[in-house]
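Copied from Swiss-Prot, the annotated features are:
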TRANSIT   1-43  transit peptide
ZN_FING   49-123  zinc finger
BINDING   CYS62, CYS65, CYS108, CYS111  Zn(2+) 1 binding site
BINDING   ASN68, GLU105  Zn(2+) 3 binding site
BINDING   CYS73, CYS76, CYS97, CYS100  Zn(2+) 2 binding site
Amino acid sequence: MAATASLTTTAPSPPALLKASAPLLISFRPVSRHCKNLCIKTKATENDQSAKKHQKVKSILCQDCEGNGAIVCTKCEGNGVNSVDYFEGRFKAGSLCWLCRGKREILCGNCNGAGFLGGFLSTFDETAQ
């Protein structure tokens, strides 16, 4: 009976995280056998330049926008404002360009804004050239 009385009168113990003797639990996610990143294996070949045909290196950068993806607006010519002369040039009024909306540049039509041929929605095809 004395043993049960001493158990009920003891103060509550601190949480297990505050005890120095509590074991530390660490959980790790299981490693998947299938990686998201694929590895590419390459094989070394002999450096035989005579067997290789010299191919012309084609630039994939867009020639119209020079790889920028945007060209100067054709409507406002890069001003951002379409200006109109009134009273024989004495008064000039302008409104925001409707094509570029004042940004002074529009997307390149050749590369569709990608900056290189064969990007995004381009219809560039190697076999056609």
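Numbering starts at 1 and runs along the chain as it is shown here.
Each residue, glycine too, has its Cβ placed from N, Cα and C.
Where Swiss-Prot records a feature, it is marked here on the structure.
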residue: CYS62; record: Zn(2+) 1 binding site; Cβ contacts under 8 Å, 6 or more apart: GLY69, CYS108, ASN110, CYS111, ALA114, GLY115, PHE116, LEU117
residue: CYS65; record: Zn(2+) 1 binding site; Cβ contacts under 8 Å, 6 or more apart: ILE71, CYS108, ASN110, CYS111, GLY115
residue: ASN68; record: Zn(2+) 3 binding site; Cβ contacts under 8 Å, 6 or more apart: CYS108, GLY115
residue: CYS73; record: Zn(2+) 2 binding site; Cβ contacts under 8 Å, 6 or more apart: GLY80, CYS97, LEU99, CYS100, LYS103, ARG104, GLU105, ILE106
residue: CYS76; record: Zn(2+) 2 binding site; Cβ contacts under 8 Å, 6 or more apart: ASN82, CYS97, LEU99, CYS100, ARG104
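Just so you know, the Cβ of CYS108 (Zn(2+) 1 binding site) picks up 21 other Cβ atoms within 10 Å once every protein chain is counted. Look at GLU105 (Zn(2+) 3 binding site): DSSP puts it in a strand.
When Cβ atoms from all protein chains are considered, those within 10 Å of CYS97 (Zn(2+) 2 binding site) total 21, not counting its own.
Between the binding-site residues CYS100, CYS111, the minimum number of other C-beta atoms within 10 Å of a residue's C-beta occurs at CYS100. Classification of CYS100 (Zn(2+) 2 binding site) by DSSP places it in coil, neither helical nor stranded.
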